[in-house]
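Per Swiss-Prot, the feature domain 'Obg' maps to 4-162; the stated evidence is sequence analysis. Taken from Swiss-Prot, the feature region 'Disordered' applies to 29-48, 447-472. According to Swiss-Prot, the compositional bias 'Gly residues' annotation covers 36-46. Annotated domain 'OBG-type G' per Swiss-Prot: 163-333, in sequence order. Residues annotated as GTP binding site in Swiss-Prot: 169-176, 194-198, 215-218, 285-288, 314-316. What Swiss-Prot lists as Mg(2+) binding site is 176, 196, and the listing cites sequence analysis. Marked as domain 'OCT' by Swiss-Prot on the basis of sequence analysis: 352-437.
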């Protein structure tokens, strides 16, 4: 199977790194019995970033390796040591790459300009350690927040060639020969249609003007509706400042002539849309052929009446090539002068709304089993649930405090929720709770440092945990001894049975 050297469309799965977990640790130092919390924050996960690289001209790398992952952030450690951030995955793409969401079709970005960047998957934020969670009411939290998952997104990359001039025309009109004659480009040239299947770029110097020319693959009638890969070919013209029609004056196909070819291609450009205002130039090619030269003379005035410059050239003999280069340079200079200057990007600061209830919404839904539940959605509640370690009762109490401060409990009561109702926080993978309203805030209760009396914690002490470990290992040893005894009895029974059979023989 041949490996394509030019790929202008690829689907990429970008997976950002996870954030590291925060650390729950208490400083232990001689003569400092109350050293306080010293758990560090987790590191942020790495992001997946697209960056325009002038050395890259194709998307072939993502055609073969379609999944790219950034590294995860490290978890925090004691002694206030924060975890290291994950490394960003920088992916080089050619200039003119259009990025869209493969599932929704949403346009994410249009990368034009060397060094332009776009974050396609943001890394997860690291969880806070208990040192960052401490306050006057919770002096030594016995928990930390978990790191958030990184974004995972499937994106579609489409390359639209960035060039000053696009050469358009029927297959075998001589576009590849023309770009090879006026630049150092070396396209594939052969005597059959659709020799060129991917755009070829060439740099042309005419006096003090330097510009790029794109040899767009041949167009046919119906290209604007997708016939003959028309969609793939036409999109490469969208960024060109000017369009040059290359007309074959030596065609011998029945039903074709230079003027009708020009009308057909121009009609396809108009039907594609967005190209009406681009300046045009018409090249009457292959005038080295006697009959073609006569035909070019006949139609020259008819084509010129359209208001476009017309050039007679021959890529074989070199006739008219030098004047054509300067004519295209003049076209490019005018197009550049008419381009509006890019306005500086305005930075708009939008403060968050003061009414925090806008940060979530609550709906009553069926649970699929004949009952119902209350579903709480919103960025903050969903993120807070993902950060919570549900194996730690104190962390669950902290989550309850945050939801109450946000107004979730008050809103549930206003909508008619009662104690014991099922409450789901998040989307389809939500965590479901039993609603327990009117719980006092942990700050209003007298307790030892870091404790939350709303929850009857069954967490054993350090001494009890050591005793449980010893009991566990003792039980495993007894279990192992029973197994060994059973295997010994089985072996002795088998030996006795064999001896009995031997005695009978």
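Just so you know, the numbers here start at 1 and follow the chain as drawn.
Cβ coordinates are placed from backbone N, Cα and C, and glycine is handled just like the others.
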Where residue 169 (GTP binding site) sits in the secondary structure, as DSSP reduces it to three classes: coil
Within-chain partners of the compositional bias 'Gly residues' (36-46) [C-beta distance under 8 Å, separation at least 6 from its ends]: 16-27, 70-89, 123-134, 139-141, 144, 147-148, 150, 450
Local Cβ density at residue 176 (Mg(2+) binding site) - other Cβ atoms counted within 10 Å: 25
Entry from the binding-site residues list 175, 286 having the most other CB atoms no farther than 10 A: 175
Among 172, 314, which are binding-site residues, the residue with the most C-beta atoms within 10 angstroms of its C-beta: 314
Helix, strand and coil residues within the region 'Disordered' (29-48) as assigned by DSSP: 0 helix, 4 strand, 16 coil
Between residue 314 (GTP binding site) and residue 176 (Mg(2+) binding site), the C-alpha gap once rounded to whole angstrom: 13
Candidates 169, 217, 286 (binding-site residues) with Cα within 10 Å of residue 176 (Mg(2+) binding site): 217
Per-residue pLDDT averaged over the domain 'OBG-type G' (163-333), given as an integer: 80
For the domain 'OCT' (352-437), residues assigned helix / strand / coil by DSSP: 33 helix, 20 strand, 33 coil
